[in-house]
Amino acid sequence: MEKDGRPNWDSPMQFVLACVSYAVGLGNVWRFPYLCQLHGGGGFLIPYLIMLLLEGLPLFYMELAIGQKMRLGSIGAWTSISPYLGGLGLASVVTSLYLCLYYNVINAWSFWYLFHSFQSVLPWGVCPINSNRTGPTEECEVATPTQYFFYRETLNISSSIEEHGGIHTGQALCLVLAWAITYLFIVRGVKSTGKVVYFTATFPYLVLFIYLIRGVTLYGAINGLKYMFTPKMAELANPRAWINAATQIFFSLGLGFGSLIAFASYNQYNNNFQNQAIVVSLINSGTSIFASIVTFAIYGFKATLNYEDCLDRMRILLLNTFDLAEDAISMDSVLEWIEKLNTTYPEQFAQIADKVREGECNLEKELDTAVEGTGLAFIVYSEAIKNMPLPQLWSVLYFFMLLLLGIGSMLGNITAIITPLRDFKIMSRFLAGLVCVFCLLLGLGFTTTSGNYWFTIFNDYAATFSLLFIVLIEVIAVSYIYGIKRFEKDIEDMLGHRPNWYWKIMWAVTSPLLLIGLFIFYIISYIQGGTPTYQAWNKELGESVVTEYPVFGQVFIVLLLVSSVSCVPLTALYAFCRKRKERAYENTKIS
Amino acid sequence: MIAYADFKIESLAYFSKKMPNHVRWVLQQIKSRIERLNALFRPVMHYNCSAHHEGTNMTEEASNISSDTAAYPWSKNEMFLFRAALAFAMRDYTNGEEFGVSDIHPCDETKRVSFWFVVTRPNTTDLVDKGTVEMAIKKSRNRINGAFLLTDQTLEFDGIYPTLAAPVSPDTPPWLIVFGVVMGAVSVGIIALLAYPLVQRKLKKNKDADDEDSDEETGVKTAEIGANDGIYNSTFSDDERFTQM
């Protein structure tokens, strides 16, 4: 305990692990591989690493410095920097609250899948049988079993955001469990969080390593790896690649939520956070690259499997139509046979020509299906897992890893809410429990039949734009309002040496410019994008259909954005009015 | 070949009205010769199978990922087994009518191990209708599959859809059991963490209460000496409460 009674991490290692656990989250596993694939494989690493140096590292360092110096949560810390900037902290808290609301739903899904892995046949591997017992249910036949399990059994999704329905009890139970575990890990503050992060930060790496070995030894994994590592340098000319790299670094490090400030506020005053900042950022990026190797090995396996299944279906079709002997066509010669039979028996071939064309087998096309987000984690990966030998083991390992990544990030998000509120000393004993119960009750809304569409709204809009705004104001505030000179002196006070020219240039010039650029780009793409759309699951077609948001959906999106962003000007206005009142009061007192 | 030969000969006969007489005689000879031949051998009833649609496609698929797709070794013996299995199915369905191997007639065999077949009633040439044969196969599908060590997916009867096994629904879904275990552990953890400081405090209070009890006795004694009036210097106080005699 320090003199001011603030709890501390037991050791600097706990702090580092807490930051790693927070920063290394689901985005490293399901967003980075997608971006890599989208922007030319190995070549994407170049903009990624450059952006890490230009904005990731400096901003991470800055947030840690603020937290460690002010020893308060985000609201208190920014109020100390300037009384007009308290709104920044408040905006961070609001954004963290939105994140907490929907993020634990992902953990609930991970729990659901984890619990369903303890069966002899994985439920997403086979279709359930229809009532006549003549075949699989229609929805499952049109889609794949993994999609059916996710959309129907896990989410029980409705066909659009307007259609409401009841709560999915299984999901609700898993959500309660997710919040119970979160509460368990934060109930004693940094003392409990500090012990838990030893596990949540390190175990995912063990699983990733096991999966790496399993992944590269899978049949066909080499196709995926080759696809990833052949850089398509032409993509570097595309500005989208650089923008996506910047955004990915930004969100991956978890800047602007106030979690880093909160974690750092529990540090010893002289903790050497400079090295820690570098270490954590590098670990975060390294994990992204590591995870994408694993993901691409698994992509390669799945794509090769689908390709060979496709070839086999073609083979059977040819054998049945032309009544050839069983071993006349082998897997390798299917395509030649198609050519041969087309020329020798054109009329017969014409009958099945449609089926052949639509079932066109193409390995590149299979590898090209880039998926991100929940689709990757819960559909693509589970499909790959069900084909591995001993699928239950791999399934348990994988979803447990997802859980740990998710819970690790949740700890940071919840701490970001609780720490500033605790600083105000209101109901500090029950605060953790109250926040958890509140978020749980609101989160139950995401377990209804249209819940996944609301989840998508939160996922796409709650934290993206507001964070950019927050961090932009942060870096401008520190560089110009607080002043680089004062900031330098504070750091010297804590570390014993001043930050060198690299950090100062980044804070004062490069990062603000980059962030302004990103900000403008986001505004332009929002305006140009027209009506925002979402993917609605259509159960007759067995696939997702692009649908526009209804009016209330769009209004809600605007509310989400405005509610967090407006905290900054509103609080500044409030502080301004209070100061004016105080000055007026003092003037009346003097006179 | 009787029906076919009849038909062919009839059509020839039609044309032969225009033929010279000696040709008709030749044809009559051919017909009688065939009849005599047929009387010698057991009648093999060979039907035009496509008129009676009962088809089988026997397909061997690679049922798993591995690349060696060994073709099913088809031979005359396997065909015999098939006919025997089908005869069994017919017997089982009709409760004892003595179908034999000779009542199952495959035809139009292809290299694909795919053929049509028809079934006739025992000791007659009456065909068994398609519906009955289908029901019989449906009833004994597992046994027929088992005879060939194949599955519903690898041994296909055209037009007969396999009745899938009823889904096994356990009383408690297995996921709920695991959920219960984890939830129980978490609840115990939360209660333990919340109760721990309370328990600590209670233990400390009990310890304090014990210390106070022992202090009270000496406190009474020291009060008599008047030690509470001033600063009690414990340097010269005896460890024992009673002075030794």
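Each Cβ is built from the backbone N, Cα and C atoms, and glycine gets one as well.
All annotation found in TrEMBL is predicted automatically rather than curated by experts.
The candidate list A:S252, A:S382, A:S450 contains one residue that TrEMBL assigns to the Na(+) site with A:A23, A:V24, A:N28, A:N284, A:L405, A:S409, namely A:S252. Counting Cβ pairs under 8 Å that are 6 or more residues apart, the transmembrane segment (A:430-455) and the transmembrane segment (A:461-484) reach fewer than 3 and are not in contact.
By the Cβ criterion (under 8 Å, sequence separation of 6 or more), the transmembrane segment (A:396-418) is not in contact with the transmembrane segment (A:551-576), since fewer than 3 such pairs are found. Neighbouring residues of the recorded Na(+) site, listed in sequence order and excluding A:A23, A:V24, A:N28, A:S252, A:N284, A:L405, A:S409, comprise A:V20, A:Y22, A:G25, A:L26, A:G27, A:L253, A:G254, A:T287, A:S288, A:G408 (Cβ within 8 Å of the Cβ centroid).
The stretch with the most CB contacts under 8 Å to the transmembrane segment (A:83-105), chosen from A:12-32, A:165-186, A:461-484, A:505-527, is A:461-484. Among the recorded stretches A:12-32, A:44-62, A:198-222, A:505-527, the one sharing the largest number of Cβ pairs closer than 8 Å with the transmembrane segment (A:278-299) is A:12-32. Long-range Cβ contacts of A:S252 (Na(+) binding site) within its own chain (separation 6+, distance under 8 Å): A:A23, A:G25, A:G27, A:N28, A:R31, A:F32, A:N284, A:S285, A:S288. The list of residues near the transmembrane segment (A:165-186) in space but at least 6 beyond its ends in sequence, with Cβ under 8 angstroms from a Cβ of it, reads 104-105, 107-109, 111-112, 115, 154-156, 158, 192-193, 196, 407, 410-411, 414-415, 418, 432-433, 436-437, 439-440, 443-444, 446-451. Long-range Cβ contacts of the transmembrane segment (A:242-266) within its own chain (Cβ-Cβ under 8 Å, at least 6 residues beyond either end) map to 6-9, 15, 18-19, 22-23, 25, 27-28, 31-32, 35, 38-39, 44, 47-48, 50-52, 55-56, 59-60, 63-68, 70-74, 77, 89, 92-93, 95-96, 99, 190, 273, 281, 284-285, 288, 409, 412-413, 415-416, 418-420, 463-464, 467-468, 470-471, 474, 514, 518, 521.
Only residues 6 or more beyond the boundaries of the transmembrane segment (A:198-222), in the same chain, are considered here, and those with a CB under 8 A from a CB of the stretch are 14, 17-18, 20-21, 24, 287, 290-291, 293-294, 297-298, 300-301, 303-305, 388, 394, 397-398, 400-401, 404-405, 407-408, 411.
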